Structure formats: C-alpha cells, structure tokens
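If you check TrEMBL, you get these features:
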{"type": "DOMAIN", "residues": "302-438", "note": "domain 'RCK N-terminal'"}
{"type": "REGION", "residues": "606-629", "note": "region 'Disordered'"}
{"type": "REGION", "residues": "652-675", "note": "region 'Disordered'"}
{"type": "TRANSMEM", "residues": "64-83", "note": "transmembrane segment"}
{"type": "TRANSMEM", "residues": "108-129", "note": "transmembrane segment"}
{"type": "TRANSMEM", "residues": "141-159", "note": "transmembrane segment"}
{"type": "TRANSMEM", "residues": "165-182", "note": "transmembrane segment"}
{"type": "TRANSMEM", "residues": "202-223", "note": "transmembrane segment"}
{"type": "TRANSMEM", "residues": "229-248", "note": "transmembrane segment"}
{"type": "TRANSMEM", "residues": "260-285", "note": "transmembrane segment"}
Amino acid sequence: MEQAESEVPPLPPRFRFRDLLLGDQSFQNDDRVQVEFYVNENTFKERLKLFFIKNQRSSLRIRVFNFCLKLLTCLLYIIRVMTDNPVQSGHSSHSGLIFWVDRKVPVWAIQVIVAIISFLETMLLMYLSYKGNIWEQIFQVSFLLEMINTVPFIITIFWPSLRNIFIPVFLNCWLAKCALENMINDVHRAIQRTNSAMFNQVLILICTLLCLVFTGTCGIQHLERAGKNLSLFNSFYFCIVTFSTVGFGDVTPRIWPSQLLVVIMICVALVVLPLQFEELIYLWMERQKSGGNYSRHRAQTEKHVVLCVSSLKIDLLMDFLNEFYAHPRLQDYYVVILCPSEMDLQVRRVLQIPLWSQRVIYLQGSVLKDQDLLRAKMDDAEACFILSSRNEVDRTAADHQTILRAWAVKDFAPNCPLYVQILKPENKFHVKFADHVVCEEEFKYAMLALNCVCPATSTLVTLLVHTSRGREGQQSPEQWQRMYGCCSGNEVYHIRLCDSKFFGEYSGKSFTYASFHAHKKYGVCLIGIKQEDNKSILLNPGPRHIMTATDTCYYINITKEENSAFIFNQEEKKGRSAGGLYDGPAQLPVHSIIASMGTVAMDLQNTSPPTGGSLVPPPTVNGTGGRRPSIAPVQEIADSSTILPCDLLSDQSEDDSVFPDEKDQSSTEYVKGYPPNSPYIGSSPTLCHLLSEKAPFCCLRLDQGCRHNSFEDAKAYGFKNKLIIVSAETAGNGLYNFIVPLRAYYRPRKELNPIVLLLDNPLDSLLQCGIIYADNLVVVDKESTMSAEEDYMADAKTIVNVQTMFRLFPSLSIITELTHPSNMRFMQFRAKDCYSLALSKLEKKERDKGSNLAFMFRLPFAAGRVFSISMLDTLLYQSFVKDYMILIARLLLGLDTTPGSGYLCAMKVTEEDIWIGTYGRLFQKLCSSSAEIPIGIYRTESHIFSAAESQVSMSVDDCEDTKDRGCELRSVDQADPPLRRKKSMQWARRLSRRSSRWQSVSRDSTKDHAQRIAQQRLNLYRRSEREELSELVRNRMKHLGLPTSGYDEQNDQQNTLSYVLINPSPDTRLELNDIVYLIRSDPLAHVPEEPPLHSEFSYDIKEDTQL
C-alpha cells in the first residue's frame, strides 16, 4: 500500500518526448505573463469612435443617414410653408408675421423627432472628436447651425406656446452640403480613389449654388409674409432672376428686412462663387496637364494601346502615330500616352488637331505608380510600348528606367503584351520576358557593319520596315526618283500557302522554284517560310525544302495579297504556248502595279507555268548571231547535281588560289568556330573566323609596337584587303555586333577586311591608322553630345567631324549614324549645291503629302552613307501587326543565326554578267545555279552637277584647259573669288611690298626675286581648295614619317548618286556595276554535324573576348 502511494504517476503522452529533449520547463512557465496589445481600442469611447469616425464603411453609413436627415428637414420646411396660412397665425403686425408661423401638429411632431436625433448625434460626435479645446468646437459654424435648428424644437416640447415660433430650418441645406462632402470623401477612401478632385470641386460648386438659391428663396418668402406675401415659387423666380443679373423687376421685395437679406445674399455670392470658380478653373487646368482618366467603360468597349515614354517629343509622337495608324485594321484603336513630364507645347498643338484629338489621350503620370497604370487601364490594353530616352547622357541609366517600367507593367498587368526598346545590349536580358524587344545598339552596329560589305543595307532595312504605298517621288521629272520611290513601297508580308493565290499552286515544289515563278508571274519576292511544326523563320531554306500547304510564306511586295486584285491579260491568255520562259527580250513580262485605296491591281502576262525542259534564250551578243550559254530552268524538285556546292567550312581551295604562298600559314592561323566568350547575356552564337591562338593584348595597339612586332602604322602591316575603320567614343559591348557579321563563317577568307577601332579621330590618328588604305570609315554617333540644350544639336559634333573627313578624304566611303533623321540633310553638305536644294524642296512636298519617308530622297541616305537609328522605332511599332518583323530583320542583319536559314550578301554585276539583260533573267540564273534569292538592286549612276554646285575653285588656266577638252563646266573664277583666295592674294601683295625694300639692298638680284615672287603669286592664285587640303594632309603624313604615295586626290563620289531598288520588276534592265542583294541559303543546312572546330584549343575565359 505504501509502495503504491510512493510511485510517481506517469506523464501524459504529449509531454514525454518534449520533456526528454528540453527537460523540465515548469519553473519557466510559472514566470510567464500574458500581454494584451491595443487595449486602448477596447474602451467604449474608442469603439464608438471606430464606428462613427475611423471605420470607413460604418462612418459612410452614418454620413449618408445624416445627409438624408438634413434633406428631410428641408423638405419638412417646404411642406410647412405650403400649408402655412398667415391669417390663422393670429398675428397681424409685421413683426408678428415674421416671428410666428402656422405649423401643423404632424409637421411639428416630425420636426421635433428629427431635431432630437440630430441634436444627440451632434453632441455624440462632439464628444468623440473632443481634443482639449471645447470653445473651438462650440464656435464652429456647423455646430452653431445645429443648435439653432434643433434646440428650439426641443424647447417647444416643454413650452407648448412656442410651437409656432419661426425656426430657420432651411439653413440645414448648408449642413446637408457639408454632409455630402464628407460622404464623398469617405466613398473615395473606401474605394481607394484619389484622382477625382475635379468631380469633387464641380459637385461643391453646384451644391453651393443650390444652397444660395434655396436660402435666398426661403428667406425672402418668409420675410415677405409681412409685405407682399410672396409664394415660394415667386421667391425662387426672383432669386434666379437676381443671381443671373437679368433683373426683370416684376417681382421685388417690399419691406426692408427682405431687401437687406437680398443685399447680404448678393455679397455672399460675390465672395463665395468666385472662390469656387477659381478653384474649379485651377483644377481644370491641372487636369488638362495630367490628362484625366481613360474610363473603364471605354477600355472594355474600345481597343487601346499604351505608349510609355520618359519625355515625349514631337518627332517621336508623329513617327509612332503615322506608323501605327498606317495599318487599316488599327484605325479604330486609341492611343493612351503615359508620360511623367508635362505636355510639350508642340505636342499639345498636334493633339488638338481633329485627326488625333479623337484618337490620342495624354495622361501625365508615372508607370511605377499603380494609380497611373489604373488611369491608363493598362490591364485592358491590347499592348504596351515602352520606349527609352536616347537623348540621355547616361544611356545605361535610361535603360535602367526602361527596365523598371517594364517590370512595373508586367507586375500590374501580366497578360498585357509588352514591346520594349532597350539601348544597350547588356541590359536586354532584364526584359527577356517581354513579347518583343528591340536593342538599339545591336541593330545600329549590325547595319553599320553590313553597310561596309553590302552597300546601303541600312537604307534597305529602313525602307522595308516603313509603311508606304510607293507613291513618293512619282511626280518628279527624274527617272531614278520615280523608280526609287515606287520600289520603296515594298514591305514584308505573310500568308499561309493553302490560302494564297501567289504561292498556292507551288505546293509540293521546291522553295527556289516557288520563289522564282511567283516573282515572274506576280512580281512578288518569296524570301522565307515557317513550317507548322517549327516556330523558327527560315530565310531561303534552299531548293531542298519542299513547300507544303501548312507553310507560312514571307514575301516582299507593294501590299499584302488580301488587298490585291488579279487582272489577267486576255490576249496573252489565248496566245499562250508551252514554249520557253521568255520568248525574247521584247516579250519579258511587264508588271504594272497600280496602288489605289489600299488595293493593288496586277496586270499579269505570260501567266502559264513553264514546262520543265524549257530554256531561256539569251539575247544576242554584239548584234551577231552568236549566243552565250543559256540559263538553266529552275527545277521543281531539287537535284543535288544542279546545285553548286558551297561548303564554306573548308574553303581552303579558294584561299590557295588567292594566296598560294601562304598556304601553310593560313591553314594554321585561321579556323572557324564559335566565339568562346560572349560580351553580354543574350547574344546569339555565330560561327566565325577565329584565330587559332588568342592574340596578346599588347598586339592590339596598331600605333604602338611591342615585343611581338614593331609595327606602328597600318602601312607596316601590309594588309592585303582594304581597312574598315570604326571611329567610336568608347569600345562598348555593341561593337561585338559590328565585328561578328564581318567575321561570319560564310564570308570567304580572301574578302575579310581588317577592322581598326579608332577611339579618337584627330588628323594624326586618322593617318596613323591607315585611312588612306581604308575602304570604309564608320563614324558612330557620340553619346556625350546627345544631351545638348537644343535637342537637334545632339548630332552637331558628329556632323562636323564627318564633314571634315569628307573634305580631307573625298574618295573615302564614310558611313555614320545620327540621332535625328532631319539632320541627314547636313551630311556631305555643299553650300552651293543646287541639286541638294531641289531635293530639299521635294522632301518638303512629300512631307506635306503625309509621307512617312520624306527623307528618303536625300542623297547620303539613298546611298547608304547615313541613317538614323530612330528610323528603326517603326520596327517595334510594326511588330504589333507583324510579329515576325523583328526576327526577320535580325536574320537579315546577321544578329541571329537559325539553322537552315540563309543570310544577306551581295554580288556585283560585271561586264561578264551584262548579257543576262534583265533582273528577271538574273533571278532565274541565281535560282537555278546557286539557289540564291535576289531581293533588290543597289544602283550607282553618274550625275553631272552644275557649276554652282562645285565648291572647288578653279584657275583661269584650268578653265581654259577644260574648255579645250570640251568640258561644259564654267570656271568659278568668273564669279566672285572665294575668301581664301583673297587672303592668298593679300599675302602675295605683302610679299611684293617686301621685295621693293630688298631692291635697295641688292639690285643685282632684283630680277631673280621678282621672278620668284611672281611665280609664287601665280601658284597661290592657281591653287584650289582641294589642293590646299591635299597639301595639308601630305605635310602631316611627312611629319609623321608616313609615305604619301597612297593618298588619293581624286573624288570619285562627287558626280555620282546611288539608290536602292527593292524587289524591282522582272523586266528591269541590269546596268554595269549594279550590286544585287541576295539571300543565300545556309551552307550548313545539309552538312552532317561534327564536333566544334575550336574544341582542340581553348581561350583564357578570364579575359575579354578579342576578335
């Protein structure tokens, strides 16, 4: 028994394991104290305050109840007035009629109940809002009005004789106005709406007017009980007439109290109403600046896109609007602009034009604020365009702002499609989630690079991404402007093969067969396809690709097929035969393209498909009966024996033919492989020509020797090919996209040009880097000058530097990029160039007609010497309708490489190719032999400038020489001599004066001095500006120890003009030195995969990549 009592009871099961780990914690639990928080809110007063004041929804209910209560008191007052009978009040004196009224018992009972409720509510709210100063609350206007309108009714309960005393209950309208304001504030707090100040002010103004009219009506009616005894309606009529300053005079107050009340009401109106109107006007002006809201109802019933920019300039706005609304299916869309800065004056004027005022809505706000995104209804938008500010000094900071905007939009509206513009490529991966991204520096450097090997690639791409109908320049008297303007209307379109009349008949045929015959028959250029089971777009997949009904075809044409009408030539339709493709040069197909109201009508001739065994008879040679070899037909199904082999991975044979003495050296120095390091995340891997061993960093300095070599100028290196010089402010990551296209694997090794990066461009540096041995000089726009005080002055430094180099080295091809397209007119500027002035007038005419390509006729742009990266903004805008445009542009520029997709290259038409005759025959020859697809022509024509266009001064003797040669140019010496020549003459006269002094010293040498001075004066007189510049360059070269033999004094570009013809018609005649743009099929598309060629060697990845 005792043993049983001494046993310890076991612990409950839920404590055993915890106690085993933590031990006995009972002594700690005994010391714990439970603490309650926010106990001050548990008091009765705090609970009442929470219900009546703090809680938004409950306080809103209280204010609605209070508002209804005040309206009820006003309604009861009107009922009392309408049932009032002054005769039955028992008072006949004037004072008695004013102080005593006839109040019915039911009305009095209701008014007493309402007064008690109002009094208790007022006292409760006064108690809850008490803050230590009772007198401040007592002397509030609202409290005094409550006491005036409630206490007398409560007194009448205990003093029945006072039940008919007059109480100004109509003053409760002002309390109702205050309750309404508080109620609206609570509504806004409850729904988190803070952008309705304009609505609040309008409501307050309306309520103030109503209260003034109601107070004056009731006051005058009551006071006139002792006078004319006006009815309530007559008093209301009098107040309206008086406050509207009409004053008919048919109803007027008769006794002085009512007249005094009218004076007081007018004074109050003159003080209160102007203040209300001033506040309203101020809010209206602020709303005009901020732009108001885009209503939810409109967002749900209409389609809109949002344009987000940091600062909105007129050029950016017009480029976006013109390009966006150029597409017919976007005419019903609205554009909501969200910008943090105030609207520019020019932008305001443009948005007031009826064409844009009904379509464009400007909202001032930040993308980083959800309230502003809600105002723009971003979650209902069809798309959001986020553009970077390219005029910022710190372009990285501008990218950071763009990235934050993109993140904010994605967080607020994750389903809204994003179209983002980024400046620097290293920041692109931050916005990888966006639907479409355009990196400015990627496209800029890629176009600059391709301009060096494929002239005017920038012009070609710019024209392709701009919307136009090809009507520019059609009224010009010059043929090249009409051809150039018509071909500029070509764009890239897409259609499924099964739905197409252009390509539907070529299902089951090879790609090159479909491309050639579609161009021959319809004048459209098929450039690529996308298979249904593959999301990648393939440019010129080659003849081995067989077209299927599910393929999506991408083609170049004036307009898309859906807007085209087909008109067949009946005579040709009857007389068709199964002969050759062309019966002769005179019977080549003529395609007349008529653009009207967005529809293209095509006159089709010789539309029958050719037979497989027909050949094209070439034209005769030199008028004789001899003929060159005929052009083979394009095969329906590819035959590998008819396609020229193009294995660019092993091009040793072509290198041996060019440099046979360097066979062993070239085989070991250069290999093909992928760059081992990428300068930024998101760059596309491209197979390139690489060095087998990484070059030391010290060897990269061209102007300084090192222990590996002692070369200090470009001449010492002995480069076989012409140089490409890049003049840039800094060596940024974007240069990677300049080097890679020039070192791509498909470019023959014999055509690789040395690339020289020039970070400073004074004359000495230009000469040392070998500018006289260069074929192209690329000048990148200076970022440090982009934030000029005057926006358009951002290009000033670049323009002047390029003009200087153009004058010093006129035979050099200078390619540059500007910020503003309008500044292109200053490139290669000639002050007395009449032809440039004529082009300026043509540009103004095209701009007045509404053209998006008014700048296209400027000679530097047409020749591909200059472009503006802002022109590619339209590439991002077009992606909203054509989601494939960015990818096609990247493939053309070599920024992306897709297996099986071709690349852009060029071929020059030589004398050996003139026999082909026309562009259509060239199309057939390329498709049948090398499976290349031509897409355009770069043509250079000679142009005779007038005498006023030349800036080079000529001497009289030179003019006589030119006259003897039959030249029609006039000497500039017949006109006013230039300032430089005047200075030279003055210097010669001073020398002649000095010679007169020397005559007294030595008369024997007078004759020699005179002859020498005369010869010197004659030389100075004859020397032209060109000779002076040449002498300056030669002297600097001698000073630097450089040979002067390579300096070219001739200007080959002064009397020529160049332009691009995109997808010309098949009957376009070829001319000598035409450069044809080609899309060559991928040589690796059908090559068996092998291990990477650079796997046998490795680079030190710790250092930067050096190409």
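Including glycine, each Cβ sits where the backbone N, Cα and C put it.
Listed as Cβ neighbours of the transmembrane segment (202-223) (distance under 8 Å, sequence separation of 6 or more from its ends, same chain) are residues 74, 77, 81, 98, 101, 166, 168, 170-171, 173-174, 177, 180-181, 184, 230-232, 234-236, 238-240, 242-243, 253, 255, 257-258, 261-262, 265, 268-269, 272-273, 276-277, 280. The stretch with the most CB contacts under 8 Å to the transmembrane segment (260-285), chosen from 64-83, 165-182, 229-248, is 229-248. Note on the domain 'RCK N-terminal' (302-438): mean pLDDT across this stretch is 90.
Counting residues 6+ beyond its ends, the transmembrane segment (165-182) has Cβ neighbours under 8 Å at 63, 66-67, 70-71, 73-74, 76-77, 80, 98-101, 111, 142, 145-146, 148-149, 152-153, 156, 200, 203-204, 207-208, 210-211, 214-215, 218-219, 222 in the same chain.
Distant neighbours of the transmembrane segment (141-159): 73, 108, 111-112, 115-116, 118-119, 122, 126, 165, 167-169, 171-172, 174-175, 178; these residues of the same chain sit at least 6 beyond its ends, with a Cβ under 8 Å from one of its Cβ atoms. Residues in the domain 'RCK N-terminal' (302-438) partition by DSSP class (helix H, G, I; strand E, B; coil) as 59 helix, 28 strand, 50 coil.
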